[in-house]
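Data block below; observations after.
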Amino acid sequence: MTVLVEHYVSDSRIEEKKTKEERGDGGFMVPKSKETDEFDAPDINFLGHSFRDYENGESERQQGVEEFYRMQHIHQTYDFVKDMRKEYGKVNKMEMSIWECCELLNNVVDESDPDLDEPQIQHLLQTAEAIRKDYPNEDWLHLTALIHDLGKVLLLPEFGGLPQWAVVGDTFPVGCTFDPANIHHKYFKENPDNNTPKYNTKNGVYSEGCGLDNVLMSWGHDDYMYLVAKENGATLPHAGLFIIRYHSFYPLHKAGTYTHLMNDEDREDLKWLHVFNKYDLYSKSKVHVDVEQVKPYYISLINKYFPAKLKW
Ligand SMILES: O[C@H]1[C@H](O)[C@@H](O)[C@H](O)[C@@H](O)[C@H]1O
Ligand SMILES: [Fe+2]
Ligand SMILES: [Fe+2]
C-alpha cells in the first residue's frame, strides 16, 4: 500500500513537471511565482506545529521564544544599533574562510527559532540544496542561502559573545514607530525609543521612500553578515546582499508593513527575498544533507564570489 502511495506521489510530480516544461516557464532569470515553484512546502514543523507559531505559548520552548522577544524589544534601540554597526563594521575580530565559518556556526544555538532542531550547518545546506533544485542556474542564490545565517557567530565568545536578543530573531527598523505586525509587539512598551518623540512617528528620523539602505535595522546576524560581505568585497549580485541583509525582516516581507520606506531598487530585490524566504523557512527538516558530498560544489561558489580569507 505504502509503495503504491509513494509511487503515485512521485508519478504525479513527474507529470506536474512535464506540464511546466510544456508550458515553457522553466526560465530562471526572474523569480517564479509561488504557483509554479516545485518546492513542496510542508504544513508542519518537527514538533507537529505550524511554522512560525508564536501565539500558542504553553510549551517550554515557546515560552523561551516569547522571553527572547521581550528582551529583544526592550533593548534594541536606535543608539544601540548605531554603536553595534560602528563596532562590528570594523571587521577586526577574526580572519577565516566562509567554509570555516559554516563549521564554526555549528556551535551556535538560536533561541528565537521555534522551528529548528537541527545543527545550523544542516539548516544552511538544507536551504541551499532546496533552492538549488528549483533554481539550478542561479548559483549566487545557492551561495546566498549557504551564508545567510553565518552572522550568528556573534553569539560566540570570539565575537564578543553577544546576547541572543542582539543576534537572532526577526528584525525591524529602529528610529521610527514599531509596527504592530512585529511579533510580540506588546514588549516594545518598555523600549525607551517608544517614548521618544523623534523616534515614535510613522517616518521617525526617515523620509517616505528613502530606501532601506538609509534605514537602521535592529542589530543582528543579517546586518552583520551584510557588512562582512561588503567589507570583504563579495561580488554577489545586489539581490543576494539584500536577501542576506533583510531575510529576518518578516514585518516587511511577510506582513507587508514598512513599505513606505522602500525605494524602487528595494522593490526589485524584494521579489528575490520572497523566493528565498520559502526555502529558508520550510526546508527545515530531519532529512540531513550529506555535508562531504556537497562541499566541493559550495567551495567552488565561495571561490567565485569571495576571497579565500575574510575579515570578520
Ligand atoms: O528565529 C528566526 C531565526 O533566528 C532566523 O535565522 C531569522 O532569520 C528569523 O527571522 C528568526 O525569526
Ligand atoms: Fe536568519
Ligand atoms: Fe535561516
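Cβ coordinates are placed from backbone N, Cα and C, and glycine is handled just like the others.
So that you can see what the record holds, here are the features copied from TrEMBL:
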{"type": "REGION", "residues": "13-35", "note": "region 'Disordered'"}
{"type": "COMPBIAS", "residues": "13-25", "note": "compositional bias 'Basic and acidic residues'"}
{"type": "BINDING", "residues": "ARG52, ASP110, GLU111, SER112, LYS152, GLY169, ASP170, HIS247, SER248", "note": "substrate binding site"}
{"type": "BINDING", "residues": "HIS123, HIS148, ASP149, HIS221, HIS247, ASP280", "note": "Fe cation binding site"}
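Here the features listed in TrEMBL are painted onto the structure.
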residue : record                 : DSSP (3 states)
ARG52   : substrate binding site : coil
HIS123  : Fe cation binding site : helix
HIS148  : Fe cation binding site : coil
ASP170  : substrate binding site : coil
HIS221  : Fe cation binding site : helix
HIS247  : Fe cation binding site : coil
ASP280  : Fe cation binding site : helix
Got a sec? Which of these binding-site residues, GLU111, ASP149, ASP170, ASP280, has the most Cβ atoms within 10 Å?
ASP149
Neighbourhood of SER248 (substrate binding site) by C-beta distance under 8 A, where only residues 6 or more apart in the same chain count:
VAL168, GLY169, ASP170, THR171, GLY220, HIS221, ASP222
Since the record lists ARG52, HIS148, LYS152, HIS247 as binding-site residues, which of them has the fewest other Cβ atoms within 10 Å of its Cβ?
ARG52
Among all the protein chains here, how many other CB atoms are within 10 A of the CB of HIS123 (Fe cation binding site)?
25
Spatially, and counting Cα to Cα, which of the binding-site residues is closest to GLU111 (substrate binding site)? Options: HIS148, ASP149, HIS247.
ASP149
If you count the other CB atoms within 10 A of the CB of HIS221 (Fe cation binding site), including all protein chains displayed, you should get 27
Expressed in Å to no decimal places, the gap between the Cα atoms of HIS247 (Fe cation binding site) and LYS152 (substrate binding site) is 13
Setting HIS123, HIS148, ASP149, HIS221, HIS247, ASP280 aside, what same-chain residues sit with their Cβ within 8 Å of the center of the Cβ atoms that define the Fe cation site, listed in sequence order?
LEU124, THR127, ALA145, LYS152, ASP222, SER248
Distance [Cα-Cα, Å, rounded] between ASP280 (Fe cation binding site) and ARG52 (substrate binding site):
12
Which binding-site residues, if any, among ARG52, HIS123, ASP149, SER248 have a Cβ under 6 Å from ligand 2, given in order along the chain?
ASP149, SER248
LYS152 (substrate binding site) to HIS123 (Fe cation binding site), Cα to Cα, whole Å, comes out at 13
Specify the secondary structure state of GLU111 (substrate binding site) as given by DSSP, simplified to three classes.
coil
Got a sec? Which of ARG52, ASP149, ASP170, ASP280, the binding-site residues, have CB under 6 Å of any ligand 1 atom?
ASP149, ASP170
